[in-house]
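Trainee: Sharing a structure, written as structure tokens. Questions coming.
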Amino acid sequence: MPLRLGVLASGRGSNLQAIIDSIENKKLDATITIIVSNKSDAQALERAQQHGIKGMYLNPKSVIGESDPRKAYDQKILEVLKAHEVQLVLLAGYMKIVTSVLIEAYQWRMMNIHPSLLPSFPGLNGQQQALDAGVKISGCTVHFVTEGVDEGPIILQAAVPVHEGDSVDSLSARILEQEHRLYPQAVALFAAGRLSVEGQKTKILEPAS
Ligand code: GAR
């Protein structure tokens, strides 16, 4: 049975596209059962439509007035994910901090991709932070989601050189190429049952023979 994925995305959705492509090219034995966005105009939702995948906009304002709006919003998302029998949640350019409501329900079953070699440069604008720090190598990281922003056991990383004269755009584009390669690979490892979290670390198990 293909692994059932749920994707949370806020914007362009190029990482989502990389996952869709891997599935369509039969490199990844998975199916995306739902794509949820907190932005009504997210390109990710257009991609969903183009590929016949169910997409849903959940308005963050719908929970204003709740005692804990962030948790109330995540509760709504959780209900959607459960209704679509999601087994693994992928944050793909999802620009909202997820709360314990989702993290506990999907412990070690929710991944994020970030455009730096974590734990360096978490949060917003990882590529700008790398340029500001003058590092010569940056990259991207896929990790399991925990409550700290861009923390959590690292699954895979790819290194990307920083060139003299790089702009945020040129560095981001070079990193993005690696993101698109890395994220489907991490999902494939999960689908194959090859990821095991031990303490703060993710162990990659040998393939079953
Ligand atoms: C990607 O570069 C992703 O790594 C980054 O947002 C971009 C989304 O692009 N995520 C973060 O910075 C998370 N802290 P996409 O919408 O085209 O996939």
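Just so it is clear, glycine is given a Cβ too, placed from its N, Cα and C backbone atoms.
Below, the features straight out of TrEMBL:
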type     : residues                                  : note
DOMAIN   : 4-187                                     : domain 'Formyl transferase N-terminal'
BINDING  : Gly13, Ser14, Asn15                       : N(1)-(5-phospho-beta-D-ribosyl)glycinamide binding site
BINDING  : Arg70, Met95, Lys96, Ile97, Val98, Asn112 : (6R)-10-formyltetrahydrofolate binding site
ACT_SITE : His114                                    : active site, proton donor
SITE     : Asp150                                    : site 'Raises pKa of active site His'
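How buried are these features, and what lies next to them?
Mentor: In the three-state DSSP assignment, the secondary structure recorded for Asn15 (N(1)-(5-phospho-beta-D-ribosyl)glycinamide binding site) is helix. In the shown protein chains, 26 other C-beta atoms lie within 10 A of the C-beta of Asn15 (N(1)-(5-phospho-beta-D-ribosyl)glycinamide binding site).
The secondary structure of Met95 ((6R)-10-formyltetrahydrofolate binding site), as reduced to three states from DSSP, is coil rather than helix or strand. Taking the Cβ of Met95 ((6R)-10-formyltetrahydrofolate binding site) as reference, residues of its chain lying under 8 Å away and at least six apart in sequence are, in sequence order, Ser10, Gly11, Asn38.
Reduced to three states, the DSSP call for His114 (active site, proton donor) is strand.
The Cβ of Asp150 (site 'Raises pKa of active site His') lies under 8 Å from the Cβ of Asn112, His114, Leu118, Pro119, Pro122, Gly123, Thr141, His143, each of these being in the same chain and 6 or more residues away along the sequence. Under DSSP, Asp150 (site 'Raises pKa of active site His') is assigned to coil, being neither helix nor strand in the three-state scheme.
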Trainee: Taking just the CA atoms, what is the gap between Ile97 ((6R)-10-formyltetrahydrofolate binding site) and Asn15 (N(1)-(5-phospho-beta-D-ribosyl)glycinamide binding site) in Å?
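Mentor: The separation of the Cα atoms works out to 18 Å.
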Trainee: Quick one: pull the CA-CA distance for Gly13 (N(1)-(5-phospho-beta-D-ribosyl)glycinamide binding site) versus Lys96 ((6R)-10-formyltetrahydrofolate binding site), whole Å only.
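Mentor: The Cα atom of Gly13 (N(1)-(5-phospho-beta-D-ribosyl)glycinamide binding site) is 15 Å away from the Cα atom of Lys96 ((6R)-10-formyltetrahydrofolate binding site).
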Trainee: Mean pLDDT over the domain 'Formyl transferase N-terminal' (4-187): what is the value?
Mentor: 97
